[in-house]
Amino acid sequence: MMSIQPVSVNTTFVRPSTFYINGFSNIAHAKYYYIFLCLVYTTTVLGNSFIMCTICLARSLHTAKYIAVFNLAVTDLGGSTALIPKLIDTFLFEHYYISYEACLANMFFVFFFLTLQSLTLLALAYDRAVAICFPLRYHAIVTKTAMALIIGCMWVFTTALVAPTVALITRLSFCRSTVVNSYFCDHGPIYVLACNDNSLNIIMAYVGVVTILCIPLILIGISYTCIAFALLRIAQGTGRIKAMKTCTSHLILVAMFYLPLLFINIAAVVSRLDPDARIINYSLTQTIPSMLNPIIYTVKTEEVRQSIRGLYKRAMVNKTVDKNMKSTADK
């Protein structure tokens, strides 16, 4: 079917020059799906760029919480950029072969931003838990410096987790097939092709699932349990509703990110999930939340809406002033 073009070969080790990405090859009318992904990517770029510009320009959003929201927008943009353009190039333009080095780079950046997205949602859960459980001490605990430090530690931790995971691929020998049954250079579908011992890669795959999915989801669950108990102590119904509204956006983001991943992994364990269905579901799970996150924050968060209105009014005032000054100068 596809020939192996080794860069480095001896009696025990084969490193191919390319991999063949085979993810959407068996899906009928897939080109319509690629066009849909182009629209998703365009909306993701515009939406996340808009929310980042809004946070930068609106002084009222220069708070600890919006440092984390800004980081979420960066990771959404980075994750989509690492995945969708290459996916479109591979399948829409039929460039199925990818070099060994480019494949490892693609794997690194996709999982790097996926991990950061998960950890950023955890940081936002921490922010909401402190805001509702300790409202009088919130500004003393969750400072801009503290949140920047948390975000910085997340980037360092993610690099320390993903870099070795990808680097361990280089110790694998691919003496049989180099056909990757996924829509990008996915870690699991690549290490299963190895001819030599891949036990370390399997361990790192489990570590990745626990780090990206299980631990953050458990800690977010604990955060919202604490929030629920704190809300029960609020005597006034209006105060309780107001506090709950501050969590709405985050809860929607958590549900969009974790639930599809959770259901797909559970379905794959308890029953035989069709490979094409798995590929479509995983690709949607990795792309749709990044598109919807800035829309949800714009629509559901009063602070963001007020900041956008304020920026618009300021722009209109500046435009009127400039127009008047120009008219005066012409006279």
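Backbone N, Cα and C define each Cβ position, glycine as well.
Look at TrEMBL and you will find 47-297 tagged as domain 'G-protein coupled receptors family 1 profile'.
Look at TrEMBL and you will find 32-57 (among others) tagged as transmembrane segment. For the transmembrane segment (32-57), the list of distant contacts is 24, 66, 69-70, 73-74, 76-77, 80-81, 84-85, 87-88, 91-92, 280, 283, 287-288, 290-291, 293-295, 297-298, 304, 307-308, 311: same-chain residues at least six beyond its ends, Cβ to Cβ under 8 Å.
Annotated transmembrane segment per TrEMBL: 64-84 (among others), in sequence order. Under 8 Å from some Cβ of the transmembrane segment (64-84) lie the Cβ atoms of residues 37-38, 40-41, 44-45, 48-49, 51-52, 55-56, 106, 109-110, 112-114, 116-117, 120-121, 123-124, 127, 131, 142-144, 146-148, 150-151, 154, 184, 253, 283, 286-287, 289-291, 293-294, 297, all in the same chain and six or more residues away from its ends.
Per TrEMBL, the feature transmembrane segment maps to 104-126 (among others).
Feature annotation from TrEMBL assigns transmembrane segment to 147-169 (among others).
Among the features that TrEMBL reports, transmembrane segment is placed at 203-231 (among others).
Taken from TrEMBL, the feature transmembrane segment applies to 251-273 (among others).
Sequence-distant contacts of the transmembrane segment (147-169) (same chain, at least 6 residues past either end, Cβ-Cβ under 8 Å): 64-65, 67-68, 71, 104, 107-108, 111-112, 115-116, 119-120, 123, 126-127, 187, 190-191, 200-201, 204-205, 207-208, 211. The average pLDDT computed over the domain 'G-protein coupled receptors family 1 profile' (47-297) stands at 92.
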